[in-house]
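The transmembrane segment annotation in TrEMBL covers 39-56, 140-160, 210-229, 264-284, 304-324. Taken from TrEMBL, the feature domain 'Homeobox' covers 67-128. Sequence annotations record features per position, and here TrEMBL assigns DNA-binding region to 69-129. Among the features that TrEMBL reports, domain 'TLC' is placed at 131-332. Annotated region 'Disordered' per TrEMBL: 337-376, in sequence order.
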Amino acid sequence: MFQTLYSYFWWERLWLPANLTWADLEDRDGRVYAKASDLYITLPLAFLFLIVRHLFETYVATPLAGLLNVKEKVRLKATPNAVLEKFYAATSKHPKQADVEMLSKKSGCTVRQVERWFRRRRNQDRPSLLKKFREASWRFTFYLIAFIAGMAVIVDKPWFYDLREVWKGYPIQSMLPSQYWYYMIELSFYWSLLFSIASDVKRKDFKEQIIHHVATIILISFSWFANYIRAGTLIMALHDSSDYLLESAKMFNYAGWRNTCNNIFIVFAAVFIITRLVILPFWIMHCTVVYPLDLYPAFFGYYFFNFMMVVLQSLHIFWAYLIIRMAQKFITGKVVEDERSDREETDNSEEEEEAAKNGPLSNGHPVLNNNHRKTD
């Protein structure tokens with residue numbers, strides 16, 4: 001049964017145009033072609049990336065955070081409470097008002113104390129500023145190096161300037177060593193992102209991030225199998241062109257350099273919109289949808305590749321919406337921050353406790369109020 005599934009999976013009509021077989025893509029006469037077995041190396045390389053990332057975050061990003069004066073907010077810890085902790089872990093981190101009143105009776109705390117406990121407990125689970133900075137530093141470093149390397153791989157190629165050259169002679173297109181390593185490194189990196197996504201900073205677009213990583217891995221792998229390498233290198237370089245700008249903006253945001261962050265963000269927004277909403281759909285996707293049909297009839301691989309491109313483009317539209325919202329805040333003078341971030345809840349507990357004991361505070365001193373009740 002396994003052999004049957006294997007045969008169906010590698011059926012030439014799925015991957016190659018009509019009248020072509022895998023035998024046509026065997027190495028000969030000095031020509032070297034992409035092979036599915038080449039991608040096995042990406043899994044150990046992905047784990048190597050995780051090791052390199054840990055070392056980078058420990059010995060490079062952390063000292064850099066110190067130099068940029070990245071400071072942690074003081075977080076007040078929730079006092080140990082078995083009843084509240086059980087509800088928090090098993091039921092909900094955001095109890096409804098009825099739940100709060102029920103927990104107040106069970107735990108012996110006031111309603112206000114229960115609300116404060118959940119607020120502090122949620123803040124404890126939120127990632128620290130240093131963790132966010134280290135992640136952004138790692139991704140900035142990779143995306144910048146990948147973009148420079150990607151441009152070095154494609155800038156001197158004829159298909160960089162004339163997209164019809166992408167399909168010239170397809171699929172009998174020999175693979176270059178630079179293309180091999182560009183593919184292996186990019187695919188390994190996205191595998192490492194998928195492996196670490198559960199432990200990374202969790203944002204509101206968590207599901208979209210998973211879809212993006214999976215779609216990217218499938219798209220890179222498929223383009224390798226079907227020898228869509230020229231198109232694949234263009235697509236990867238296009239994506240890397242804006243990602244490092246976003247990560248650098250995050251780094252300066254965490255360091256408190258608001259003006260620098262906002263200026264970089266505006267540049268990022270412009271590059272993102274131009275590359276993802278203009279160049280990708282109207283140049284690159286036009287190249288992958290229209291030009292191949294001049295050479296061969298559409299086949300399954302053609303439809304599958306372009307379907308995955310549509311999935312990525314849909315995610316780009318979603319993220320462009322968030323970016324435009326952030327740009328509007330910048331233009332109107334509001335602080336620009338990541339729309340995907342889970343904002344930390346403010347906790348005025350010390351003032352609340354002082355007010356509960358001594359009355360409202362005025363300039364740090366209690367104001368006499370005979371009608372104020374102790375609620376804590």
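Using the three backbone atoms N, Cα and C, a Cβ is placed for every residue, glycine included.
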Under DSSP, the DNA-binding region (69-129) has how many residues in helix, strand and coil? 36 helix, 0 strand, 25 coil
How does the model score the DNA-binding region (69-129) in terms of mean pLDDT? 81
Is the count of Cβ pairs under 8 Å between the transmembrane segment (264-284) and the transmembrane segment (210-229), pairs 6 or more apart in sequence, 3 or more? no
